[in-house]
Amino acid sequence: MPPPNCLLHVEDTFGPVVKGCGSNFDFTLLFEETILCILPLCVAICLAIFRVTRLWKKPVIFKGCFILPLKLIAWNLVLGSQASVVALFSIRDETRTRASIAAGSIGIVGSAILACLSFLEHQRAVRTSSILVLYLLSTIPMDAARARTLWRMLDGRDPAIAVMVLGATKVCALVTEMLWKCSLANRHELCDAPEESNGIIERALMLRMMPIFWAGYRTPLQTEHLSKLDTKLQNAELRPSEKGPKRKQAPIKLAKEIFFSHTYEFLAPIFPRLCYLSLTFAQPFLVRRAIDYISKPKTEGSGERGDGLIAAYALVYYGIAFVSSLYEQSAVRATTVVRADLSMRIYQQSLLLDRVVDTGDSSTTMMTADVERVQLGVRKLHDAWASFVSVAIGLWLIEAQLGLAALVTLGLIGGSLLLGGYWSGRASRFQKNWMAAIEKRLHKTVQVLKGIKSIKQMGAAPAIKTMLEDERQSEIKLSKKFRLQLIALVTLSFTSLTMLPALGLSVHNAVSDKSSGRILTAQTAFQVMTLFNIVSSSIQDCTSHVMAIMVGLGSLQRIESFLNQHTWTDPRKSIRDASISTDESSVGGTSEKKVLTDVAVKIQNVSAKWTEDGEAIIRDATFDVPAHGLTVVAGPTGSGKSTLLRVVLGDLAPSSGTVSVDDSQVAFCDQTPWIANISIKENIVGALPFYEERYRMALHACALDQDIEDLTDGDKHLCGLNGQSVSGGQKVRIALARAIYSKATLVLLDDCLVGLDTNTERHILGEIFAPRGLLSSAPTTTILATSSPRYLPFANYIILIDADGRIVRQGTYAEIAPHIEQLEHDVLQVSDHAATAREPRAQDSDELPNTAITNDIAFKKGANGDWAVYKWYFGVIGWMDFVVFLFLCLGFVIGVIFPQIYLGLWSEKSLQNQIDTLPSFYGIFFGVGSMAWVALFSACVWLFLRIAVRTAALFHHLILTTTLNARMDFFSQTDSGVTLNRFSQDLQITDMELPLAFVGATMNLLMLIAQCIVVTIQSHYAGFAILAIAVVIGFFHEFYLRTSRRLRVMDIEARSPVLSLLLESLDGLATVRAYGWAAWYLRRGIEVLERSQVPFHFLQSAQVTLNLSVDLFVATLALVVISIAVVQMNTSGGSLGLALFNIVGLGQSVKGVVFFWTSLEITLGAVARIRDFTEDTKSEHESDTKPPVEWPSRGEIHFSDVTLTHSTSLPPTISNLTLDIKPGSKMAICGRTGSGKSTLVNSLLGLVQVSSGIITIDDVDISTLAKDEVRSRFVVLPQESLILSVSIREYAKLFGISDEQEIIQGLKKTGLWQTIEQGGGLDMIASSDTFSHGERQLFAMTLACLKKGKLVLMDEPTSHVDNDIQTQLRQAVFDTFPDSTVLCVTHQVATIVDFDIVLVLDDGKIVEQGDPKELLHQPTSRFAQLYSAGEL
């Protein structure tokens, strides 16, 4: 028996294990002093010196705190203790090794340096020093081990006591270092972001999440409950932008830029991931040591070894929990910063897009789906390389146990990795195609949402629904190719789990049987099985993580291609440069240069077209716009007036010639006013400083002051998406007020006064263009494009354009006036008359107040996680399909678990019995493993190609149907970003995240149940531990879910403003650039993006916290099992090996269950959103009854005491109206804005609510009929023409017109065929750039005239065309529908005389009706008064 006390010659060897004294269970003193003392000291000193140099340059932020003296006292005690240890070793030869003095001396130096670091860290850093805390935490137990060794040496008690005192002083230093100085120093403002102030211990334990979990458990979590993020995570940085053509992109240029922009965040996870890898591979060695310990009889010293084994299990498993937490936090930080970086780049690029190259619609897809995939790739980046390293290490260790048999498994592993890489590449390519299909669908969805009112009016909702569902089916078809690669990768990744042990152990057994007779012991079997489990898990991670990275790279390449698109550059030159050029090019030295202040815009030989292959719209234009006055550009519909203004604006580069403007800011009012989803005041002031007097003058000039007084919230009234909560006239006047307030020296007005009533128009013209008007009296140059000659008398200069886009005449009004009559016939629109005396101050009756612009019906029930969501989801996928899927998953689990049980029994057999049962061994391992593989493949096919595909189509159908069936007030009350989120993010979640979470949760849950049963059978007391810990973890899981669900909701809600702002800025890109508001919009983008970062990061951090709790659960269970085995010593090696092996797998299964179950709960939030949306959104359809086939056969309309309102919360728009309209009559409806004209027509279309009364058409009460059926029977020309990105042929088919010759003849009648034929004929894609506003109305009129019907409804159908075309189209309607009833809402009362009857409305009541010709001869007639008021 070795002596109890160790002598110096034994301890003065490197060891590392002492031999020849005590129980031989100890390190040698030399090993402890070199490896456990000097090495940590050297590392700490190096890091401390580097950190000191960094802190030295930083300012002092903490002063006058009592903690600092405590820290300095503690470190001085450490320094003194180190000196006493050195002193004792110098006088005690019996305990001094070769390294004792060196260790003590380095300790003294190190303590002094660390004390300096502590001083600087306290004064100049918010966070507790990680270097000091880690050093103290790691060396305190090492000092304890060193003291234990010294205590057992002869004459070693005094040095042992000195080392123990050193350890005690280090404990004091550790306590002082961990004190939260923000609170004690009363500097809470420095610690608003816990991630910046928390030390490494708090971060490892995720303590910062506890207040959030507690708040989320007690009350529904709100934004104010979330703490602030640190600056690096929350700040979205702007990047220098390259304008114009981009150089050829490098394949991974964007990836490199992101890496070098966030190098620390990308590299920070490496060290904790390596630690995690090291601790993971300690598990098989622990399994072997435990089985060795149990298999051997007890001897003296067994107790110490058992205690050491328990300590080793605690160190490894709890270490795994903490380093995994630190690693995942680092990965989350990298993901968060990349998300912010990419989102900001996409938004910044969207503001720079050249409209000729791209409209920017793809940016919405990239901002959601693509960024999401890049995030996942970044999150899995370090797991991917670590998995490859893990496979290599695992194979090396397996080879050490199985010998050459391990080489056989190498082929399977290599093949799996090669196939995984190949299929990952294919998956990336298929995913890009899928993303393109999603982008195409979302582009059309955005167009539908913008034109929803026109779609409903024309009864096109069923056709639009079919079109979008066809797009969805095409998208799903492309997704199947990606899903097939995913199935292949998932199946391949689990091949190693089922076949590696079978192949490796079978070959080993075969070789052992024939050669050395070596048996497969329980120690070797379960050590190798643990290694196989780690390798199999790593192979799964390799394939899944590589696929995630490849898919992320594919999305990154899409983003990079988007970022490398040609950006907008101002093609205009400075007017000064143009003047110098003119001077230098003058002949004979005679200067033709004008005084710079005389010319504001100079156009020289300019031709312009919207596409490279298209025909020129403006041809060889040359003119000068005089400074400081009004220049009118006049011409017929489609002549290129708007195009010319876009050229002057710089939004469109001329194909030839030069454009020169004064170096000044430009104000721009588009033909369709762009109104942002902000308040009226913010729309007018924008990015400019606020000046009260200027603001009031702009409001008064545009007749907005009284309107604002009548609004409840005044000028703080939100305008809504595209100005939905203000009237059409108010949109025009807000845009005009914006131009006036800007004080720009160049103002461009693109026919923006169309649709205003006469008095309002006269007021505005007098306020801004009269001799003392705001624009006339200011040093401002105004260019107004119009088809009307009534603005010509106000002009200082006139430019006339013919139908071919050529300038036919230019000059002053005096020069043009003699030719006015001929020009009116050839070029201009004749004077028409507005319909009303003045525009009302209240909102247009056809628009709704924006009471809840960001309202979302999300998670009323689903946010609380009721089981009804699961029941509803299972009902959607089908209960039988779910049972089949569950059965297949169960087959897979049985196929994985049963061979392990058999191996535990087989390894306990004798050599001969093992040899005799080899055939059954091969059969069970290969047969059952193959069954598991087939079951897994079948389950994946069943889920991804059957269940997921069907639910993808169904969920889109539900969202689309609910949206199209929603009442009009829904679209005014709900932000477009919220609705678009349903078609993008919610469907993205249900398409991929939900199926993956579903299969992961099901597989891991079944596997966990099986492993718990195995562990309980092999270690009975562990069953109680499993039950107790499972209850605790269950409570925490529920505690966690309340918060995580709400965080998911907040994440989605915070993302909606980002999408809304993106859509808003893209819609008004020309206006934003004109006013120079791009920087302002970038700041707004930064604000909404930074707000969206907070819930996203905390959602990811909540998942890390949950993983930490699961790891701690597994560590506790492993500790319980090994403690029971050590104490009882009545378990066989095979049983303990099976139990410990399953604990390793159980840990992965528990983490998998919790992770995937939580992911399932969170992703089911999207299902809950869909369910709640479909159940809670009010449908406009109250009846499914179809009218008779021939209805309406006469077109007779009867209103009987009808009261109409847009919402029950609003007063009626029309009250107690009774009206009879005879079949075949042609009725014009006029009145001031807000009088109820459009409401009357929309009531026939079911777009407003009938509070009382009955509306009948041909004696049929229309409230009893299906609204889509009613609308489809009418011919409707809406005020806002619908434009979709489809071909002319497909567009016509949407309205039931398929005869191509009929379509061509109709287009020829309206004069559009020549334009369309040049653009590709019926295959030409319709877009906002294809047609001008007037041509859109002509196109809508063409389709209307091709449709048959007895009732024709027209709402301002010709407001953007010239008078000749108006007359032509009106006559075309009369000729096409001679026997049909025609109702036409119009402001242009001069055209009403051709109708049979005119109906005049005021305040929702009929004030007059009759023959318009007769009424004009009655001086007291209201209609005659309106007509006279419209004369100029």
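Including glycine, each Cβ sits where the backbone N, Cα and C put it.
For 30-50 (among others), the entry in Swiss-Prot reads transmembrane segment. Long-range Cβ contacts of the transmembrane segment (30-50) within its own chain (Cβ-Cβ under 8 Å, at least 6 residues beyond either end) map to 11-16, 97-100, 102-103, 106-107, 109-110, 113-114, 116-117, 131, 135, 138-139, 142, 145-146, 149.
Annotation source Swiss-Prot lists transmembrane segment at 60-80 (among others), citing sequence analysis.
According to Swiss-Prot, the transmembrane segment annotation covers 100-120 (among others), on the basis of sequence analysis. Long-range contacts of the transmembrane segment (100-120) within its own chain (CB-CB distance under 8 A, at least 6 residues past either end) are made by residues 29, 33-34, 37-38, 41-42, 44-45, 48-49, 51-52, 55-56, 68, 71-72, 75-76, 78-79, 82-83, 85-86, 89-90, 129, 131-132, 135, 173, 177.
As annotated by Swiss-Prot, transmembrane segment applies to 160-180 (among others), with the evidence given as sequence analysis.
Swiss-Prot lists 266-286 (among others) with the feature transmembrane segment. Residues 259, 309, 312-313, 316, 319-320, 323-324, 326-327, 330-331, 333-334, 381-383, 386, 389-390, 393-394, 397, 527-528, 530-531, 534, 1140, 1144 of the same chain sit 6 or more residues outside the transmembrane segment (266-286) yet have a Cβ under 8 Å from a Cβ within it.
Residues 25, 200, 203-206, 272, 275-276, 279-280, 282-283, 286, 289-290, 293, 1104, 1107-1108, 1111-1112, 1114-1115, 1118-1119, 1122-1123, 1126-1127, 1147 of the same chain lie 6 or more positions beyond the ends of the transmembrane segment (306-326) yet place their CB under 8 Å from a CB of it. Positions annotated as transmembrane segment by Swiss-Prot, on the basis of sequence analysis: 306-326 (among others).
Residues or ranges marked as transmembrane segment in Swiss-Prot (evidence: sequence analysis): 376-398 (among others). Sequence-distant contacts of the transmembrane segment (376-398) (same chain, at least 6 residues past either end, Cβ-Cβ under 8 Å): 266, 269-270, 273-274, 276-277, 280-281, 284, 327, 331-332, 334-335, 338, 406, 409-410, 413, 417, 504, 528, 531-532, 534-535, 538-539, 541-542, 544-546, 548-553, 555-556.
For the transmembrane segment (403-425), the residues of the chain that approach it from at least six positions outside its boundaries are 388, 391, 395, 485, 488-489, 492-493, 495-496, 499-500, 503-505, 507-508, 511, 535, 539, 542-543, 546-547, 549-551, judged by C-beta separation under 8 angstroms. Here Swiss-Prot flags 403-425 (among others) as transmembrane segment, drawing on sequence analysis.
What Swiss-Prot records for 487-507 (among others) is transmembrane segment, and it gives sequence analysis as the kind of evidence. Listed by sequence, the residues of this chain that lie at least six past the ends of the transmembrane segment (487-507) yet keep a Cβ under 8 A from its Cβ atoms are 398, 402, 405-406, 408-409, 412-413, 416, 419-420, 423-424, 427, 520, 525, 528-529, 532-533, 535-537, 539-544, 547, 892, 895-896, 899, 903, 921-922, 925-926, 929-930, 932-933, 936-937, 940-941, 944-945, 999.
For 601-829, the entry in Swiss-Prot reads domain 'ABC transporter 1'.
According to its DSSP assignment, Asn605 (N-linked glycosylation site) is in a strand. Swiss-Prot lists Asn605 (among others) with the feature N-linked glycosylation site, giving sequence analysis as the kind of evidence.
DSSP assigns Ser639 (ATP binding site) to coil in the three-state reduction, outside any helix or strand. Feature annotation from Swiss-Prot assigns ATP binding site to 635-642, 1231-1238.
Its Cβ placed at the centre, Asn677 (N-linked glycosylation site) has 25 other Cβ atoms within 10 Å. Taken from Swiss-Prot, the feature N-linked glycosylation site covers Asn677 (among others), and the record attributes it to sequence analysis.
The domain 'ABC transmembrane type-1 2' annotation in Swiss-Prot covers 882-1161 and rests on sequence analysis.
Residues or ranges marked as transmembrane segment in Swiss-Prot: 997-1017 (among others). Sequence-distant neighbours of the transmembrane segment (997-1017) (same chain, 6+ residues past either end, Cβ-Cβ under 8 Å): 490, 885-886, 889-890, 892-894, 896-897, 900-901, 939-940, 943, 1023, 1026, 1117, 1121, 1138-1139, 1142-1143, 1145-1146, 1149-1150, 1152-1153, 1155-1157, 1159-1160, 1162-1163.
What Swiss-Prot records for 1021-1041 (among others) is transmembrane segment, and it gives sequence analysis as the kind of evidence.
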List of residues, in chain order, with Cβ under 8 A from that of Asn605 (N-linked glycosylation site) and at least 6 apart: Asp620, Ala621, Thr622, Ser656, Gly657, Thr658
When distances run from the Cα of Asn1216 (N-linked glycosylation site) to each of the recorded positions Ser639, Lys641, Asn677, Gly1231, the nearest one: Gly1231
Sparsest-packed among the recorded positions, when each Cβ's other Cβ atoms within 10 Å are tallied, from Thr637, Ser639, Asn1216, Ser1235: Asn1216
Per DSSP, three-state class assigned to Lys1237 (ATP binding site): helix
Nonlocal residues around Lys641 (ATP binding site), in sequence order (Cβ under 8 Å, 6 or more apart): Val633, Ala634, Gly635, Asp750, Asp751, Ala785, Thr786, Ser787, Ile801
Spatial separation of Ser1235 (ATP binding site) from Asn677 (N-linked glycosylation site) - C-alpha basis, Å: 26
Arithmetic mean of per-residue pLDDT over the domain 'ABC transporter 1' (601-829): 82
Number of Cβ atoms other than its own within 10 Å, given for Gly635 (ATP binding site): 27
